[in-house]
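Enquirer: Residues or ranges marked as domain 'DUF4236' in TrEMBL: 3-51. What TrEMBL lists as transmembrane segment is 208-241, 289-306. What TrEMBL records for 315-340 is region 'Disordered'. Residues or ranges marked as compositional bias 'Polar residues' by TrEMBL: 315-326.
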Amino acid sequence: MGWGFRKTIRIAPGIRINLSKSGVSTSIGGKGFTYNTRGRVTASIPGTGLRITHNLNSRRKAGSRQSAYAAAQGVTDQTGVPMSKREQAAQEFVWQVNSRTRAALVDYFVSHGVWVEDDDLETAFKLDAHRSFLNTLSKDLEITAKATRLASDIGSISLAEKEKAMKSVYEVEERCKEAAADRGALSTQAAYLHRLVNAWPAMPALGVAFALGILGCFLIFVNLFAAGGLAVLFAAGYGLFKVMSFERLKKTLAVQAANANAEFEALVLLEVTPRPEIPDGKDRTRLKAYAYSGILFLAAIASLALHPRSSQSQPELVQASSSTPPMVSKVAEASAPEQKSEPLQGRFAWLVGKYPSDVVNDKRFRAAFNHVTPSDWRKISERFAVTNGDIQSKDGFLFAEGCMSHLCASDRAAFVISETTGKGDIVYHDSGTGDEEVGTTRKFVWREMPLPETPLAEWTRMSGQSRSSATASVGTAAPLSVYRPSFDCTKARSDAERLVCGDAELAAEDVQLAEVYARAKAAVTDQTTFRERTRAQWNYREQNCHDRVCLQRWYVDQKVALAQIAQTGRVDDQ
């Protein structure tokens, strides 16, 4: 019985992090093709259920299985036939004799300034300068050659033949050592050159950094500026680090190789085998880095220039009660430069002659009022259900008005859209009870299009709403209150608190309630229950009372309840 889990987290389009029992991995790609950092590649045809998965990490060389089989079956010869222990011993003897003889001869030639390796000994044997010495070794070399041929051909060799051959090997090693010259350091310099050649760095692969940079440009294009910028910077830094590391290591090894070559040249007299040399191919690393950097720079500029923009200036929201002095609530300053809109004929000409109820939920119409919250827009839509005319062009603005079904005397709304900028102001009245004399008027006005400069100013005067609401200019705030309730009006945050601060009668009610509350608190014995009741009543007022009528009713009820508590000292009764 086993257990497991899997959780996928999407961090960007086409990039997901996978969490499972086996660890953390990253998947890159979209529908039709994905690549997992664990090496799994999946290709599919969306909608058909057909897919193919391949694991890149499961590749194994065929030779590994063959070698494992050979090890299980025993050592084989060149034909694949398993070898006996005697044949294995004979092959080891042949290898030992040949390797020791050739090593002694190579050391001899190197000590005389002739650079030769094992594979080129036959060429070195033809040198006239060393023919006389090699003739002295001919007898011993012939003995070792016969012994190795015999062991190779019949697969075994007698102990006497082994002894004879080994004595000849000892003789060759001894004579080569006696005839050695003073240039033995040539072998050390050659080995040093070999190490430098093996340590020579390969050209860095910049494809990963380039792909990461392109991914960062894509993230910038889809407005993920932070992730995209970090990806581009990391790609540029990683590529620069790889190129600089390669150049630094190559320069260091080149200096060391030049010094080693100078010492090798001072010791060598003849090169039968070419000396180790560093790669002399054309290095295109810097050119490739310049090309990738240029493409990445152009891609980043294009992503910044072509990515979708939504630059809108945020207007101020004006709210007022029809029975209170004006109150101003500023939502936000303009956050972006104004975009020039195309002419009316290209954007809003289709509105002329239509009824507001037909277009109020159209996305093109809604775009002129992006500063209106969704909750307010639902109320506005209800107040365009009944209209007495279609949308008309008036003084450079598109204008229309409407009202709520069965409440046309109180719940009305009107809007204007500028034919130049395409932005719109809107005003609506929410009575809450159907009474025109109470309720709230809300105005959504763009900073660069103040209400008095639009046909809405005349409409508010004609509809009587100008008596109960007022608009403050952007950047200024009217005094919140001239009345003094029991709390600090400068800290008022909710609709109820603002209404109390702007109404003398409500402010007086609040002061009286505070006095009754103090008496009730002093008379109550169970303070915990009293605090819970107070918190519940307070939350009710903050969440439900958004007009003057509700607040008046709440103050009356609370004064009666708290007075009863002050007399009895018990909270359970209320």
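Keep in mind that glycine also has a Cβ here, set from the backbone N, Cα and C atoms.
I'd like to know what surrounds each of these features in this structure.
Expert: Within the same chain, residues 11-13, 15, 289, 292-293, 295-296, 299-300, 302-304, 306-308 sit at least 6 positions outside the transmembrane segment (208-241) and bring their C-beta atoms closer than 8 Å to a C-beta of that stretch.
Sequence-remote contacts of a segment are chain residues at least 6 beyond its ends whose Cβ falls under 8 Å from one of its Cβ atoms, and for the transmembrane segment (289-306) they are 206, 209-210, 213-214, 216-218, 220-221, 228, 232, 235-236, 239, 243.
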Enquirer: Given the model, what does the mean pLDDT over the domain 'DUF4236' (3-51) come out as?
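Expert: So the average pLDDT across the domain 'DUF4236' (3-51) works out to 78.
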Enquirer: By DSSP assignment, list the helix, strand and coil residue numbers for the domain 'DUF4236' (3-51), in that order.
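Expert: DSSP classes over the domain 'DUF4236' (3-51) add up to 0 helix, 33 strand, 16 coil.
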